[in-house]
């Protein structure tokens, strides 16, 4: 039988860094693309780690997993990114056991998002869990926890208004353009990159600017054509990027490249240019600001743009937290039961062995011994004894580890 219990010397950790302490440049150093994530999971498996989940988005890179010491997980991030241990120590965080559980709930439900109520992260957690599970790195604890977080996220989304109103990086970028670029409907807009943020930005641009001069460029042209077809936009080849940059009044860069793809060397400008870099790592070299007429805005600045919508969202935090507490309590109850279940089962086996021995002895000693009745009575007594122990271990005031150790010592049993 598979043993899903966490060995006592292992702890559940969440380690990583986020927008709270790490700026865009540092987050870029620690970002992990799909290949790096797979490599990290393979390394974890080779290191003997039994369960692990890794997420890497524009705003955070995090690992959730079991280890004897958090450095095992920190090393995995540093080994598979461009970040260093020294840099991590300055901006990173480490949460252990219940704090790590609390953190995943807050992240997955949008309460820890750079823009409050942004539920995009939950889809990342789902995808990351599926990836881990496919590689044999998701135990019962992790699966139950992720499902609990997904449940909390769904309930908060449907039962509160914490995600109401249009507030996202893509929406904020369009609002910035509308406020800072005159006659936007007649300007040339270039969108470079058609990932999730790029697509959302493009849809918002079409909706709010009424502009018919939006050009899309993507390294993979068919992705750009697919999006352009829906929105009736222009698509150009990646090889024409430098030419389109010259024509543009506004450029939105939302690529997933690991290094800058736009710098001053490819800009031959004859008019002012507004560049919005919505990428992590940054995909626009800051040297473009050395050119006259260029304004460079990064997503971190856009994320700080708060409005009435965001203030309204804050009113719904208590309701969201109440839902989290309810679901978290259910998870903790399950976790406690899972922790002591092997000990209770071992105790029941021990008592059954004592019963069998005693019934055998008495059946030989007593002439008219009624074994069937004795079996029924004994089983009821064993059930009552084990139930009493289980109820004690479920009690919030019980020190579970110490109680389990005491039970195993007194009855000379070993949970398997």
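One is the number of the first residue shown, and numbering goes on along the chain from there.
Cβ coordinates are placed from backbone N, Cα and C, and glycine is handled just like the others.
Spatially close to residue 57 (substrate binding site) yet at least six residues away along the chain are 120, 121, 124, 280, judged by Cβ distances under 8 angstroms. Look at residue 57 (substrate binding site): DSSP puts it in coil. Residues annotated as substrate binding site in Swiss-Prot, with sequence analysis given as evidence: 57, 58, 59, 60, 113, 118, 119, 120, 124.
Take the CB of residue 58 (active site, nucleophile) and look out to 10 A: across all protein chains shown you find 23 other CB atoms. According to Swiss-Prot, the active site, nucleophile annotation covers 58, on the basis of sequence analysis.
Here Swiss-Prot flags 103 as site 'Important for activity', drawing on sequence analysis. Around the Cβ of residue 103 (site 'Important for activity'), 18 further Cβ atoms fall within 10 Å across all displayed protein chains.
With a 10 A radius on its CB, residue 195 (NADP(+) binding site) counts 15 other CB atoms from all the protein chains. Marked as NADP(+) binding site by Swiss-Prot: 193, 194, 195, 196, 197, 198.
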List only the single closest residue to residue 195 (NADP(+) binding site), chosen from the recorded positions 103, 113, 119 by CA-CA distance. 119
So how many other Cβ atoms are close to residue 124 (substrate binding site), meaning within 10 Å of its Cβ? 17
Name, in the order they occur in the sequence, the residues of the same chain whose CB lies under 8 A from the CB of residue 113 (substrate binding site) and which sit 6 or more residues away. 59, 107, 119, 120, 121
Give the three-state DSSP assignment (helix, strand or coil) for residue 119 (substrate binding site). coil
